[in-house]
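Taken verbatim from TrEMBL:
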| type | residues | note |
| --- | --- | --- |
| DOMAIN | 35-147 | domain 'HotDog ACOT-type' |
| DOMAIN | 209-320 | domain 'HotDog ACOT-type' |
| DOMAIN | 395-564 | domain 'START' |
Amino acid sequence: MYVMFVKADRPRHIPSLSRSSDDSMENPNGEMCRNPTEVKMSQIVLPCHANYCGELSAGQLLKWMDSTACLSAERHAGCSCITASVDDIHFITTIGVGQVVNITAKVNRAFTSSMEVGILVSCEDLFSNRQWKVCHAFATFVARRTEAGKVQLKQVIPRTQAEQMEYSLAAERRRMRLIHAEIINDLLSSCSSQTVSERLDYQDAVPAERTRVESVELVLPPHANHQVSTFGGQIMAWMENVATISASRLCNAHPTLRSIDMFHFRGPSHIGDRLVLKAIVNNAFKKSMEVGVCAEAYQGGEPLRHINTAFMTFEVLDNDRKPCTLPRIRPEPVDGKRRFQEAIARKKIRLDRKYIISCKQSEVPLSVPWDPSNQMYLSYNNVSALKMLAARNNWVLTSEKNKVSLYTLEENQTLCFKVETHVAVAAEQVFLLLSDLRRRKAWDHHYQYVKLITDSDEDDTIYRVVTPSVTKRGKVQDFILLASRRRPCDSGDPYLIALRSVTLPSYPPTEDYNRGEVLCAGFSIWEEENTFTKISYYNQATPGVLPYISTDIAGLSSSFYCTFASCSAFLQENKESLASLPTSTL
């Protein structure tokens, strides 16, 4: 079987992508209008699309997804577009012969010459009138040069709250894509330099060489798009085919594709190319295996061109749809052992990514362990959670004093609050002054002590913060906070400072302090004029935070006003000191 089974709940941190009923809106005449970039495809699954189980093959589904997404990108760009990359894909369920595949794609955000397209795949049973989600994905497309030169894409205008969320999150996903390869390579390099701590029993293991597959495909006109380039989806389908054969050789059974890691197309392929596809099982874990696939192209006697590399995870399901235990693999010397080690590292990265990004917020503990392997995903989660909270449009004004406003939002038994004010200080100066939490105790009396623990990189820092006791005789609280900073992606974006709790082995809870936790908090800083800035502070209240603001929410106090009046004064007093510092210091 080719399509995987995983948890079907929609994660809170990654919202739904293309919901026609939700994302439609009324125009002034009361008529419903759709996103102009939205493209829909519906296909009934025929036997020629199916695998041995009578279910739609993942390769065919990938082709349909790529075609739909490409049409959406070209509708926005007004010119030809090519697939540049596809983020992780996790399939939720299978699709049978006779059922209908519904694919919706739309552009979430456009950058200079590239754009992110969100893809939602659902299945429809015509006899029972049931529909269910199959998978969602994000693909990046690049507009091809025209005779006039490089294309400058027009910006996407979000029309609904859901589209605004996706528009905002697309910038963070783009940042993660740009640094993904570098961070993964660093982690794999450090892993491959280590020895395998687990003693492997090679006697009963299957030689990795037995799983090696090599196949050649000739690119014909039916495999190409209207630009005479090979469909990205077609290449993915061929890669999935050889990966499935490789996985079958290890387990002597029909494997189920569970996931495909994020991958980038490194170069184009055209009609007449010979595409050489190679696959091998890199490692077999107890219930799953990783297959590495490489696609290279050539014409005539020219050297091979690297087109793509992907890593696919497979399982073998028994009659009860439970994963079976897999045989061990014996890696080849040198390169085989390196791939074996790197597969272990990628599995950990995969689990971190799924645990931090893909699960529902209610299932994630307030504090998540931080280490270099999950740093990128924690930072993404931190900023994305703040962006999603800021995008809510149902805030209720609770109180206001001297242009400092307190808003609340109660949803799913969770209380959030927002404090909003304006200052006559440039947005970048506000961002720089509020970014360093060590300076916050100058205006926030709740921050009694702040220590910088580590600078993960230029955008992420971990602090230890000590705050007063929430009761008269209670212990003081301490927090281990990850601060993630983001400058605007373009002129329409705010500066962001996102905060959330993490755990560090070197800073465990102690008897002298109550360890508090922050799930989502931070600042959104909007430049309204050159020297006039709107500051919004958000916090998703937790038991460790709520006591500090509860009297304000109940209307029994206005301490929030005093705190943010002090913040405004702090910004006014210190803006000149930033102007005198060299740019490298800032």
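Using the three backbone atoms N, Cα and C, a Cβ is placed for every residue, glycine included.
Each residue in the domain 'HotDog ACOT-type' (35-147) has a pLDDT score, and their mean in this model is 92. Per DSSP, the secondary structure of the domain 'HotDog ACOT-type' (209-320) breaks down as 26 helix, 50 strand, 36 coil. For the domain 'HotDog ACOT-type' (35-147), the DSSP counts in helix, strand and coil order read 23 helix, 56 strand, 34 coil.
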